[in-house]
Amino acid sequence: MVEAIWTTTEKDGRITVHLIDQRELPTREIDVPCRTHKEMADAIREMVVRGAPAIGISAAFGIALGAQEDLAPSDGLSFSSYMEEVALTIGQTRPTAVNLFWAIERMRPVWQKIASHPSRERTRILFAEAQAIKDDDIQRNRKIGTHGQALLPSKATVLTHCNAGALATGGYGTALGVIRGAVEAGKSVSVFADETRPYLQGARLTAYELAADGIPTTLITDSMAAMVMSQGRIDAVIVGADRIAANGDTANKVGTYGLSVLAREHGIPFYVAAPFSTIDPRTPNGQAIPIEERSAREVTHAGERRMAPEGISVYNPAFDVTPARNISAIITERGVFRPQELSDYLSSASSQEPVSQA
Ligand SMILES: CSC[C@H]1O[C@H](OP(=O)(O)O)[C@H](O)[C@@H]1O
């Protein structure tokens, strides 16, 4: 299965973090090495790597890269201050996926605890923590797959939006994890994948992943989803998430909200699949979720080709918010929750995940 993020150790013992350039898939598999936290920050901002859990994992590795740099002070107090600057640089890259802030919150006590340790030991421990976050995410995704597949009939056609697969996570995927879990459980699953304008995560990434898995997949434009649902061809809509608020409102790739309205209209279950690192108890509801707006060029151009006249106004929100009332269930590694059940669980659970600072 394709990996979004991996590491290598150089002859001098330094670790390089590698990203597959998701802007170039599916036609080119380009390795982008990151050796500094600023290179990692640029990679997240430019969507070399994307997808909420993958962004969190990349942020964690970015923190470790910061500690590895020659600029990292040796004394503890200066190191802690330097690492806060590293975290700020990484934290300013993309505002919506709470996993970015979750990962920084997970790494902060680690760097604070070892601030006075020798540099090589600090670096080793921080890279080990980042690797643990990645490995843990894969296990969480497999649990999401196991819990989610039980919701699907033995022969199911699923519509999905954007890419919530191995490329968006540590591996295996969330929405695609449910699809993979169903296939592994012996169910017959076929998929309709929205192309997902403007970045085309569906056409370029989801189709790429599912083709490699041999899972029957039909690519449609975003505007075709309504017709496909009206034809009675969809048993469930399953999407990922970038931030789930305390009341279950969910931010995900733009176009998700519209799918949820269509699913309600057609009586089709609408599922969100996400790990608890995407759930943010500190964000009370969808209105409080910061929605990233990206460049006009993503809309006006297809690669280098201009598709709209110069000077036209463009609105390019990367996400929208699906209200909890449109969500049939939220599939997590801890089980399947109706939105209200999740809200109740969050207010009662003692072991809440580190929360965002955003
Ligand atoms: C497994 S969560 C993936 C989630 O992230 C995507 O956003 P982006 O590609 O802009 O990082 C999209 O919202 C996916 O559902």
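Numbering starts at 1 and runs along the chain as displayed.
For all residues, glycine too, the Cβ spot is worked out from N, Cα and C.
Noted in TrEMBL for the protein shown:
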ACT_SITE  Asp242  active site, proton donor
BINDING   Arg50, Gly51, Ala52, Arg94, Gln201, Asn252, Lys253  substrate binding site
SITE      Cys162  site 'Transition state stabilizer'
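Spanning the residues Arg50, Gly51, Ala52, Arg94, Gln201, Asn252, Lys253 that the record associates with binding substrate, the maximal Cα-Cα distance equals 17 Å.
Close contacts with ligand 1, defined as a Cβ under 6 Å from any of its atoms, occur at Ala52, Lys253 among the binding-site residues Ala52, Arg94, Lys253. The secondary structure of Cys162 (site 'Transition state stabilizer'), as reduced to three states from DSSP, is coil rather than helix or strand. Here the CA atom of Asp242 (active site, proton donor) lies 14 Å from the CA atom of Gln201 (substrate binding site). Secondary structure from DSSP puts Gln201 (substrate binding site) in a helix. The 10 Å shell around the Cβ of Ala52 (substrate binding site) contains 29 further Cβ atoms across the protein chains shown. Taking a C-beta cut-off of under 8 angstroms and a sequence separation of 6 or more, Arg50 (substrate binding site) has the following same-chain neighbours: Gln22, Ile44, Ala168, Tyr199, Gln201. Remark: Cys162 (site 'Transition state stabilizer') has Ala168, Asp194, Thr196, Gln201, Gly202, Thr206, Val239, Gly240, Asn252, Lys253, Gly255, Thr256 as non-local neighbours, by Cβ distance under 8 Å and separation of at least 6 in sequence. Close to Asp242 (active site, proton donor), meaning Cα to Cα within 10 A, are the following binding-site residues out of Gly51, Ala52, Arg94: Gly51, Ala52.
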